[in-house]
Amino acid sequence: MRLYLFTLLVTVFSGVSTKSPIFGPQEVSSIEGDSVSITCYYPDTSVNRHTRKYWCRQGASGMCTTLISSNGYLSKEYSGRANLINFPENNTFVINIEQLTQDDTGSYKCGLGTSNRGLSFDVSLEVSQVPELPSDTHVYTKDIGRNVTIECPFKRENAPSKKSLCKKTNQSCELVIDSTEKVNPSYIGRAKLFMKGTDLTVFYVNISHLTHNDAGLYICQAGEGPSADKKNVDLQVLAPEPELLYKDLRSSVTFECDLGREVANEAKYLCRMNKETCDVIINTLGKRDPDFEGRILITPKDDNGRFSVLITGLRKEDAGHYQCGAHSSGLPQEGWPIQTWQLFVNEESTIPNRRSVVKGVTGGSVAIACPYNPKESSSLKYWCRWEGDGNGHCPVLVGTQAQVQEEYEGRLALFDQPGNGTYTVILNQLTTEDAGFYWCLTNGDSRWRTTIELQVAEATREPNLEVTPQNATAVLGETFTVSCHYPCKFYSQEKYWCKWSNKGCHILPSHDEGARQSSVSCDQSSQLVSMTLNPVSKEDEGWYWCGVKQGQTYGETTAIYIAVEERTRGSSHVNPTDANARAKVALEEEVVDSSISEKENKAIPNPGPFANEREIQNVGDQAQENRASGDAGSADGQSRSSSSKVLFSTLVPLGLVLAVGAIAVWVARVRHRKNVDRMSISSYRTDISMADFKNSRDLGGNDNMGASPDTQQTVIEGKDEIVTTTECTAEPEESKKAKRSSKEEADMAYSAFLLQSSTIAAQVHDGPQEA
C-alpha cells in the first residue's frame, strides 16, 4: 500500500471561549499530499444559517485574506483543491482541503459575517514531510488501547524455521516475541504469535493494549541467514481524534461510547481532562462526581461494549475535554481503549433561563415550568425522577400520553400548553420524600432536557389555600358545594377548580360559562372560590384541586378527595357549607319547643305572631270545662271545685300577660315595616336599607376608615374621587357573626317571652300541688 494514503491527523481543540460562539479545532496536523476536513460550528439562529461563511489566512500584519467563502469566492491557490460546504440543519460548515503542501502550514480563521472581522475561530494548520521509510514497508495505524495484528508471509522452505518479530531501536532490533514462546517483558500478556489453519506460508503477531511507546518500525522474520524471509512494518499509535460537540447552555449532551467487544465485560467510565490527569465523573461501579449529582446517567447499550452517558442542565464550567474508557477498576489505565470529545458550551443559548432549584413545604405544592422546542409543539412531554442508585435511571412519573404512577395518585398532573414552548408539572401534598432531582423530557429534540432540584422543608405556617374538610362525602342525587379560601395576595389571580384523573386535571367551568353539572363560582369579598356538584353522580367521586394561576403561569394548588354515597333511610346529609345555618335553625326551634305545656303535653308547631291568642283560648275553654264538671259533681266534686278556683285565679292573670305580649309583638312588627319603607328611599348615588347598618355602632363615626375593604366614593364639584384600599384586613370576631334585622330581633324577643311565660305557668302550677 502506498505511503501517501496514510495520514497523521492530530487535532487538538481549544478550551472554553467566551468571546465568540464560533467553535472548531484549534490545531490540525497532516502530511504532504494528504487532505483535511475542518468543521466549524455556529449558533442556531436564522441569521447565522443564511449569512456568509468564510475561511481566511492570517498574515504577519494581522490581516486575514479570504481563501474561500460560501458566496462562491475561491482564491487561485485553492483552485481545484478546496471547497466550503454549509450544513444549516446541523449549524456547521466544513472546509475541505486536498493535496496539502508544506506551504499550507499557517494560521487561519473560520468565521461568519460580511467581512473577515465578524465572529470567528482561530485554527492552526501544520503540514509535515512524509517520513522516509523503506519501499516495502507496510504501515499500520491504530488508536491507543486498541489491538493490531501484523501479517508476516514466508516461503514454504522456511516453514520449519523459527518465526519472530522485533522492534528496531537505533542500529539493533529488539525481540518482541518468537515461535519458541520467548517474549519481551514489555509485551508479556500483550503479544501473541500464531498461525491460522493449515496455511503454512503466513504467521501472525497480535499486540493488544497499544500505547504510544509501541509506535515504531518492526521486522517480522521466518528463517535464518540470507535465505530468511523478512518484512518491514511501521506501526503508528495515535490518540483518538476528538469529536466536537457544540451544545447550548442549559441543554443536554450525550456521549456515545463504542470500545469494542474485547472490553464488553469491563467496568465503564467517563472522565474529564484536568491538565495531565483525567478525573472520573461517573462509572458503572457507582462512582459519581458531586458536581453532576442529579443530572447524569450512564447506560449500557448492548453486549458489545457500547454505552452512553447523558448530562443535562449544561453549565459553562462543563465545557472541556472528555474521555470514555473501560477497565476493571473503573478508572483510566494506559493501554486500554478510549474515545475522546471536546465539548463547547454556547452561552448564547436558545433555551430559556429557568430556576434550577424549586422550594416547597410539606403539605404544599409546586408548579414547575418545563421548556421545550417551540417548533415541536406536538411532541410528547414527560417528567421523570432521577434516581442515583446503581448506574442511575430516571423512571417516567407522568406524560402527555402516559398515566400517572400509582403512588402519585391525586397529586401530580402535567398541563400541556402547545405553542408557547412551555409545559407545566404540578405536584401537591408534598412530603420530605419528594425532595430530589427531576427531569423535563420530550420525544423530540434531545437537547431540550432540563433538570430541576426540588427541596422540601417542614411547613411553619398554614397553607395559602385551604379546603375544609379534607375528606368530604357527597350524597348521590343531591347538590354538594365545597369552598376554597385564598389569601389577599391571590386576589388578582385567576382561581380555578379541576377534577383530577391519571391523564391530567380537567378544569371545571365557572358560573359565567353556563350552568353545568360541575361549576365554579368565586366570591372575591369573602375570598372564597366554591365548586358545586349539581346533582351529584357516582362519576363525581375522586380528587379535586383548587388552584390559582396568572395567565398561562400556574401557581399554588391544594387537593381534596370527595366520596359519593347513597342516602340511607333515616339519615340526613348536612352540607358543610350549610352546617352553621342549620345549627342556627335548630337553636331557634329548641327555644320555641321549650314553650310546650307540660300539663297538656301538646307542642305548638310553627309558632306565629298570634300563637299566644290560641293558647289563651285553649286555657279559657279548659277553665269552662272544669266549672261544668264542678256543678254536676257530688260532694267529692266540691273538693275539686276549690282546686279549680285556685287554678282559675292563676290562669286569668297569665292570660292577661300573654295578651300584653301579643300586643307588644304586633307593635314591633308595625314599626319594622315603617322603618323599612322609610329607609328604602334611594337617590341616583346611594341605596340604603336597614341591612346596611351592621349594628348600633355603625350609626356613629368609623374609627378606621382605611381598614374598610370597600371602595369609598365622594363627589366633589361634579367629579368622582375614588379611593380604593387594596389591603385586605380581617374583621373582628364579633363582626363575623350574622347581623340581625329588626324582624329577627322581634322574633327572638317573642321566643324568649314564650319561654319565660312557660316557666311562670309551670311555677304557678306546681305551687298549689305543693300546698
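Quick reminder: no glycine exception, Cβ is built from N, Cα and C everywhere.
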Cys152, Cys166, Cys278 - which one Swiss-Prot pairs with Cys220 by disulfide: Cys152
From Cys166, Cys173, Cys324, partner that Swiss-Prot gives for the disulfide involving Cys257: Cys324
Among Cys484, Cys488, Cys498, Cys505, cysteine joined to Cys546 by disulfide in Swiss-Prot: Cys484
In sequence order, the glycosylation sites (Asn90, Asn170, Asn206, Asn420, Asn471) whose C-alpha falls within 10 A of Asn147 (N-linked glycosylation site): Asn206
Proximal residue to Asn420 (N-linked glycosylation site) among glycosylation sites Asn90, Asn170, Asn206, Asn471 (C-alpha distance): Asn90
Residue among glycosylation sites Asn90, Asn170, Asn206 with Cα closest to the Cα of Asn471 (N-linked glycosylation site): Asn90
Glycosylation sites compared (Asn90, Asn147, Asn206, Asn420, Asn471) - the one with the fewest other Cβ atoms within 10 Å: Asn471
Overall pLDDT for the domain 'Ig-like V-type 3' (245-351), taken as the rounded mean: 93
Spatial separation of Asn206 (N-linked glycosylation site) from Asn170 (N-linked glycosylation site) - C-alpha basis, Å: 23
